[in-house]
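K.L.:
Below you will find the structure I want to go over with you.
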Ligand code: DGL
């Protein structure tokens, strides 16, 4: 009798052409990752999910964030059968990426502070990093610093006020200039900050405030992970059929009055259907 060997390598069927890529954040910050993804894969069907009931993550404990993110992604994966999930949130990724990968059997792409590329481009060797309070205290960030920026001067600052400012701007409002100025002043007060030539935006909300931040750090190059994440997703899905047959879905965890003001920004990104989980 011939010896039959079964290989598991290619055993799962390719995803259906309309199987979505799930892009997840606590709020609208992940739209900066979606923008980069649209440039890379314009035909990819997407579900953009925002845990608005849990926003802001940056002020929560590690245990709370891990439980929320793993639980929500599990529910969303069951309901929407995505081909891949992207945690478009530094806070959630630096805390829960490993746990989510353990429980979901689809590829998971996370977002981590862009310390490596920042270390490659800095000329002065001084890098400013702004993120949420929960992100900047993570061991994950210590490891990135030790691995890629051990010979650099990395100044980390928690900038929780910028999350609400970015949310307000995306709703068509004016971001609080005082909050942005206070954040910049706090960074500039750190020892050695006058040498900062590279600013890591370690929260996906912050590229939404790129112009405002540039006013305070005119000489610094801002760097975030969005383009790299989009390239990684394109690599992991290469060869897969993709069709956007209907408008994409923006999914929220709570219905509230503020959602209506988000519509223009969502529709501009092809997210024409709004649903509540
Ligand atoms: N956008 C999220 C990040 O990248 C955090 C915003 C929040 O505090 O919920 O960290």
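Any Cβ shown, glycine's included, is placed from N, Cα and C.
Remember, TrEMBL labels are computer predictions, not curated facts.
Pulled these from TrEMBL:
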type     : residues                         : note
BINDING  : 25, 26, 57, 58, 90, 91, 204, 205 : substrate binding site
ACT_SITE : 89                               : active site, proton donor/acceptor
ACT_SITE : 203                              : active site, proton donor/acceptor
K.L.:
Among all chains shown, work out which of the active-site residues 89, 203 has the most CB atoms within 10 A of its CB.
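P.N.:
Of the active-site residues 89, 203, the most buried by Cβ count within 10 Å is 203.
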K.L.:
Within 8 Å of the centroid of the Cβ atoms of 25, 26, 57, 58, 90, 91, 204, 205, which other residues of that chain place their own Cβ, given that this set defines the recorded substrate site?
P.N.:
27, 29, 30, 56, 89, 92, 132, 135, 163, 203
K.L.:
What whole-number Å value do you get for the CA-CA distance of residue 90 (substrate binding site) and residue 203 (active site, proton donor/acceptor)?
P.N.:
5
K.L.:
Over all pairs within 25, 26, 57, 58, 90, 91, 204, 205, the annotated substrate binders, what is the largest Cα to Cα distance, rounded to whole Å?
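P.N.:
Pairwise Cα check on 25, 26, 57, 58, 90, 91, 204, 205 gives a maximum of 12 Å.
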K.L.:
Count the other Cβ atoms sitting within 10 Å of the Cβ of residue 205 (substrate binding site), across every protein chain shown.
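P.N.:
Taking every protein chain into account, the count is 32.
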K.L.:
In the three-state scheme derived from DSSP, which category covers residue 25 (substrate binding site)?
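P.N.:
For residue 25 (substrate binding site) - judged by DSSP and reduced to three states - the answer is strand.
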K.L.:
Quick one: Cα separation, residue 58 (substrate binding site) versus residue 89 (active site, proton donor/acceptor), in Å?
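P.N.:
For residue 58 (substrate binding site) versus residue 89 (active site, proton donor/acceptor), the Cα atoms are 10 Å apart.
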